[in-house]
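Structure first, commentary second.
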Amino acid sequence: MVRKDLILYLSNRRALLISLLMPIVLGAFFGYLFGGSGAVSNGKIDIALVQLDDSGTSQKIAAGLKADSALNVQELPLAAAQDKVRHGKLSVAVVLPAGFGVAAKNAFFGGHDKPEIPVYYDPSQQAVLAMVKGMLTQYVMQNVSAEMFDIKATDSYLNTSIDALQRNATQNPDLLKMLSSIKEYQSRAAKKAESGADQPAVQPEQAGLSVPYSTSDQALTSGLQKYNGYAHAFAGMSVQFILFMGIDAGIAVLLWRRMGLWNRLLAAPITLNTVLLARALSSAIIAFVILCVIFLFAMLVLNVQIAGSLPGFIGVGICFALVTASFGLLVAAFGKTPEAARGLAMFATLIMVMLGGAWVPTFLFPQWLQTATLVVPTRWAVDGLDAMTWRGLGFEAALPAMAALLGFTALFGVLAVWRFRRDALKE
């Protein structure tokens with residue numbers, strides 16, 4: 001009995017291949033996505049920098065951000081940066097406002113009238129926001145403190161501040177004492193530098209304060225406080241299980257063939273195209289109704305909202321339903337037996353769902369993988385549903401997803417019809 005079961009299992013090469021290949025592919029994908037063996041460095045964070053200040057301090061801060069190995073900085077106008085963040089093309093946009101360099105130095109000791117840096121970020125990437133703000137703090141402190149402890153740069157500031165405090169000595173005597181001590185120290189340093197002008201020059205160390213701690217990098221989950229995380233989860237799971245429904249529709253056609261029902265349909269006074277079109281329309285209607293019911297539950301129970309365009313949401317839903325119907329026909333056209341077709345179709349579906357961002361949001365993918373996954377329909381479906389729900393984008397944002405999904409519908413449909421016609425001629 002045991003020997004017989006082993007022989008039967010090993011004789012089914014397709015089932016054996018899927019049983020081995022599926023965990024290997026999925027394990028390798030998620031292992032790579034979440035750090036791998038550690039030999040490959042993490043991808044860079046894409047941010048925008050809006051430079052509205054032409055001071056030397058701001059230029060140095062910008063240069064530090066651009067040179068950081070963890071950042072991929074694009075210097076853009078404010079409107080363009082906001083648009084890219086709004087559409088999820090960039091994670092964060094940092095704005096260095098006009099007069100920031102001077103204002104930051106004036107606020108370095110006194111702490112009054114601190115300049116404000118506007119930061120725009122994708123609401124689904126709060127963890128990335130925290131990292132970017134930490135790096136921004138590092139470069140601001142490093143460059144502002146370096147200039148404030150430079151003798152020539154701070155001499156005017158110290159004189160002005162000391163004069164103001166001396167006129168009202170009771171306001172902040174501790175600050176007056178500290179600034180006077182700094183002024184005295186700088187005066188002695190300046191005299192020492194003048195007396196040693198004829199001596200060989202020694203390269204000075206860079207002045208300034210650095211962040212007084214080191215970091216231990218750890219993988220962070222994406223913060224979801226600024227948007228409803230159920231919206232993306234329901235989009236991904238809807239896409240996955242509606243495709244499973246499409247597989248069942250295709251398997252049903254293969255079962256009809258096995259039982260002889262398919263030949264009876266073709267013997268009736270209707271064409272092959274009519275039979276295929278009817279099957280596709282019924283599958284598409286079922287898929288769209290399932291999508292609507294799933295999101296209706298999410299809206300009523302989990303407070304998911306269609307914050308964008310309702311017509312856009314309906315359009316994306318209809319186009320994805322058509323993709324599901326054509327995918328089911330493709331499974332029926334190329335499947336030899338229901339058992340073999342189901343295994344291969346499930347494998348293909350899980351790969352598409354994995355790459356499409358239904359399980360893990362695509363913004364966690366490396367940049368090259370985000371670009372590569374545009375060749376699968378699930379990526380367009382999930383992005384389109386995200387755009388119409390939590391991103392709150394307009395109808396125009398749904399048009400690229402709708403166009404791509406219709407393209408996949410045409411591709412799958414043409415291949416399925418071609419294969420059905422070829423098989424009909426053989427019979």
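Here, residue 1 is simply the first one shown, and the rest follow in order.
For all residues, glycine too, the Cβ spot is worked out from N, Cα and C.
What TrEMBL says about a protein is an automatic prediction, not a curated fact.
Over in TrEMBL, the protein carries these features:
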DOMAIN    195-423  domain 'ABC transmembrane type-2'
TRANSMEM  15-35  transmembrane segment
TRANSMEM  230-256  transmembrane segment
TRANSMEM  276-301  transmembrane segment
TRANSMEM  313-332  transmembrane segment
TRANSMEM  344-365  transmembrane segment
TRANSMEM  397-418  transmembrane segment
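Counting same-chain residues at least six beyond the ends of the transmembrane segment (397-418), those with a Cβ under 8 angstroms from any Cβ of the stretch are 87, 273, 276, 280, 308-309, 312-313, 315-316, 319-320, 322-323, 325-327, 329-330, 332-334, 374, 377, 380-381, 383-384, 387-388, 391. If you count C-beta pairs under 8 angstroms between the transmembrane segment (344-365) and each of 230-256, 276-301, 313-332, the highest count goes to 230-256. Long-range contacts of the transmembrane segment (276-301) within the same chain, counting only residues at least 6 positions beyond its ends with a Cβ under 8 Å from a Cβ of the stretch, are 230-231, 234, 237-238, 241-242, 245-246, 249, 253, 317-318, 320-322, 324-326, 328-329, 413, 416-417, 420. Below 8 angstroms of C-beta separation, residues 124, 262, 265, 279, 283, 286-287, 290-291, 294-295, 298, 302-305, 320-321, 324-325, 327-332, 335, 337-338, 341-342, 345-346, 349, 352-353, 356-359, 361, 378, 381-382, 385-386, 389-390 of the same chain, each at least six residues beyond the ends of the transmembrane segment (230-256), sit close to that stretch.
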